[in-house]
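Novice: Structure below; questions to follow.
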Amino acid sequence: MADSWQECMELGISIARNAGKVICKALQNEQSVMLKTSPADLVTETDQKVEKMIISAIKEKFPTHSFIGEESVAAGAQCVLTDNPTWIIDPVDGTTNFVHRFPFVAVSIAFAVNKVTEFGIVYSCKEDKMYTARKGKGAFLNGVKLNVSGQTDITKSLVITEVGPERDPKILKTFFTNLEKLLNIPIHGFRAVGTAATDVCFVAAGEADAYYHIGLHCWDIAAAGIIVTEAGGVLMDTDGGPFDMMCRRIIAASSRAVGEAVAKHIRAFPCARDDEQIGVHANGN
Ligand code: LIP
């Protein structure tokens, strides 16, 4: 059967690479920084410009497709995944890194049909690392096959997490309590890089053994999610249950054993699903 989505994936890769060039060029200039839901939830004109560029380039070829974009949702668009072919886009994953010129910034583009992700693309533009995966066809970094570490022992694991833009004292207390419990297992260590998409790709590449985060969004992890599963990893909710990209909770791990060990030691704070927050970003509350 002709691979009907391959053309979409090839277009997505080309668009991601071009978007990465725009981001890297913009890194040389001072950015006008705006705030979204908190004093640490940043957005720049580059985020908005790159998302518009990605969406218009795709619409030119596929005008009937749907879109979920971080900055479109922030401007009030609905964040609802339908059966229609849908592109899920984070134009600049790691915006705070971008503003500070911390060298981990990624373009994240996923494509879903009937609510199933067909492919994911994460382009870490400063590193020139193109992570890709097609459903059932493996995961790759610049064309080289990716495999998770396969680590099954949490006490031998390097774990990645992020605090995100939350500064609510109760949320921060939960974050640090979770981290303390994991460190006391003990795990080998933790890292926080500031871009969820790249964090998950580190697990896919076998460079870390687990990543967990509460409070991120579907656009942060839709693409990296298929990259880590196609690399042999597992995705789950932070309670160990089935992963749902709209529920804003994720564990990505080298093995089910490590993922479940993380789930056993952490608890989530309540946060509304992406598809229930219609327009919440628009007015920041
Ligand atoms: C970012 C995530 C990161 C998180 C940041 C932010 P953005 O996404 O990728 O993991 O720590 O707070 O949410 O907003 O840069 O696309």
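Yeah, the Cβs are placed from backbone N, Cα and C, and that goes for glycine too.
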Novice: Select one of ASP199, ASP209, ASP220, ASP237: the residue that TrEMBL places in the Mg(2+) 2 site alongside ASP90, ASP93.
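Specialist: Within the candidate list, TrEMBL flags ASP220.
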Novice: Looking only at C-alpha atoms, tell me how far ASP93 (Mg(2+) 2 binding site) is from GLU70 (Mg(2+) 1 binding site), rounded to the nearest Å.
Specialist: 9
Novice: Tally every other Cβ atom lying within 10 Å of the Cβ atom of GLU70 (Mg(2+) 1 binding site).
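Specialist: Excluding its own Cβ, the number within 10 Å is 26.
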Novice: Excluding ASP90, ASP93, ASP220, please set out which residues of the same chain place their CB within 8 Å of the center of the CB atoms of the Mg(2+) 2 site, keeping sequence order.
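Specialist: Going along the sequence, the neighbours appear as GLU70, VAL92, GLY94, ALA106, SER108, THR195, ALA196, ALA197, LEU216, HIS217, TRP219, ILE221.
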